[in-house]
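Per Swiss-Prot, the features are:
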SIGNAL    1-32  signal peptide
DISULFID  52-101  disulfide bond
DOMAIN    52-142  domain 'CTCK'
DISULFID  66-115  disulfide bond
DISULFID  76-136  disulfide bond
DISULFID  80-138  disulfide bond
DISULFID  98-141  disulfide bond
């Protein structure tokens, strides 16, 4: 399969970036050590177990009528401490802290998708903008207004489309 991908000049850069992402992931796994620097006390449980990192992924860009294009990208993956406890000053109240692994800054890229089934006079390449996180960190989870959420069935993406298998994780064995 690698030989097939390397036949085309455009794919060589993609394969090199993909191999780089795999090597970075392997290095992260091999050099990862348990975090013994976190000393949890009864009053300090806010960062216990935080592990939020930028992770290489393959992002499949899709647009109706165009050939899907896998590109190397990044995503925020990990876990962040969340807790609920009795308030220290008001014992009849509870203190809550919900943290989520989220991006802190993002990068944007323009990618051209090949669209073979266009009408005469239309361009065969569609420019698509994509975003990826610059860095990741544990931040307070934000709520999303329900009115802004469109169910996949209504949007027409239940079986196919850009929301289905949007990111694929690189499998390391």
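Positions of Cβ are set from backbone N, Cα and C atoms, glycine also.
Structure with Swiss-Prot features highlighted.
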| residue | record | Cβ contacts under 8 Å, 6 or more apart |
| --- | --- | --- |
| 52 | disulfide bond | 76, 77, 78, 79, 80, 101, 102, 136, 137, 138 |
| 66 | disulfide bond | 113, 114, 115, 126 |
| 98 | disulfide bond | 82, 140, 141 |
Counts of helix, strand and coil residues, the domain 'CTCK' (52-142), according to DSSP: 0 helix, 57 strand, 34 coil
Integer mean pLDDT for the domain 'CTCK' (52-142): 90
Among 101, 136, 141 [disulfide-bonded residues], residue with fewest other Cβ within 10 Å: 141
Fewest other C-beta atoms within 10 angstroms, as judged across 115, 138, which are the disulfide-bonded residues: 115
Cβ neighbour count (within 10 Å, all chains shown) around residue 76 (disulfide bond): 20
